[in-house]
């Protein structure tokens, strides 16, 4: 039995070796030489252009190394300041996720999603989902695809640069660490050590350079998307509803439906998704608007009701079971605290918004500015989505924002998908986020990151004449790496603490 077991184990190991597979706890890796010819073709394509390309990348990598230290230092100070305040900011500032690249003993340059650190503000969208923190299940595909593509582009940069500098390329591979995908290239260490420090810099900086280029390219696609999709989709006419959550307050016979085009929130025009978010933000921050109602209409629509105060101090004057009536407050010259229970739709339709009674004086008709008497943070919002009847929403504006998905792109033909522009937009945002974070964090002079090798090569290229002894240069590099590692570790620790402390 033991001999049979050993034979089976040997056959299994031979099978893994044949197909370039490696299996260990939480880690599955596949390496192949199938792409070597393609890498060599890329590395020998237009040598002068590649020399210029990777030289620019070298400059970028060195600048990014110093810039990343400054950026992490500012992030650490901001985090400490936020921790010392009594209450964190409402939005906690949208942050980039960190994905780091780990070289293994100088033999392989490996993309490993090691830590997802909250450290940079990156999008102005106030309800942007943060991968790993509030990432919805529906966006897992975007997240892991962006990680894998960012890793592959990172490694392609290292591999092509190495071939350009005459370093032997052994192979390319991908792997899965727990659930996160990654990529790596296998380089011949002896060749890597024999080339000059400047040549090494071109190789070590190529990864972060390619990630930066990928982030810029994704941003350009995102920025030019209206022009790219112009033959098929038009923009600037409203926000198209693409999804309404089942538990959304906007879900119902008088609510919003997929395919509806929202054009106004109250008196705030909506031409795209950014306007939708901006209008909801303004409505949330400002006090509830009122509606102009003539004295005759007010007397006709109102009916006697008992007035009582809620726990938060606001006043209710309608029956709790009413689905159509809302308590409105108004004032006249004699009394500044009058209340009337009115049918909401009849009051709002054909009425202009107001803040005070002065806004309603017109044609010498006595009119009042009646304002919904609602609980704190609750708003009555009129949502126009023609040709349908206006939706009247009562609740917190952010609930409406989080449970309704929209797009700025309206199909020119019915057979065109309303989801395609959203898919492209979302994927571009993930690429910008993850690839940008990889470029910045990998440039940090920290042990096991690209920044370690960038720093070592940079010191060899610049300090060899000032510090003659190689051992002394290594001591300087070690101290800088120690400080950089401590800075990154502090950001990781405080970042995780901020996430868990919310």
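Using the three backbone atoms N, Cα and C, a Cβ is placed for every residue, glycine included.
Bear in mind that TrEMBL entries carry predicted annotations, made automatically and left uncurated.
Summarising the annotation, TrEMBL assigns transmembrane segment to 50-77 (among others).
What TrEMBL lists as transmembrane segment is 98-123 (among others).
On the 0 to 100 pLDDT scale, the domain 'Peptidase M50' (142-482) averages 91 in the predicted structure. Per TrEMBL, domain 'Peptidase M50' is recorded for 142-482.
Marked as transmembrane segment by TrEMBL: 143-163 (among others). Only residues 6 or more beyond the boundaries of the transmembrane segment (143-163), in the same chain, are considered here, and those with a CB under 8 A from a CB of the stretch are 39-40, 42-44, 50, 54, 57, 99, 101, 109, 111, 113, 131-132, 135, 169, 172, 174, 179-185, 187, 192, 202-204, 206-211, 214, 427, 430-431, 433-435, 438, 442.
TrEMBL lists 172-192 (among others) with the feature transmembrane segment.
Within its own chain, the transmembrane segment (212-234) is flanked in space by residues 60, 64, 149-150, 153, 408-413, 416, 421, 424-425, 428-429, 431-432, 435-436, 439, which lie at least six positions past its ends and keep a Cβ under 8 Å from the stretch. The transmembrane segment annotation in TrEMBL covers 212-234 (among others).
What TrEMBL lists as transmembrane segment is 430-455 (among others).
What TrEMBL records for 475-499 (among others) is transmembrane segment.
Long-range contacts of the transmembrane segment (50-77) within the same chain: residues 43, 119-120, 157, 160-161, 164, 198, 201-206, 208-210, 212, 439-441, 443-445, 450-451, 454-455, 458, 484, 487-488, 490-491, 494, each at least 6 residues beyond the stretch ends and with a Cβ under 8 Å from a Cβ of the stretch.
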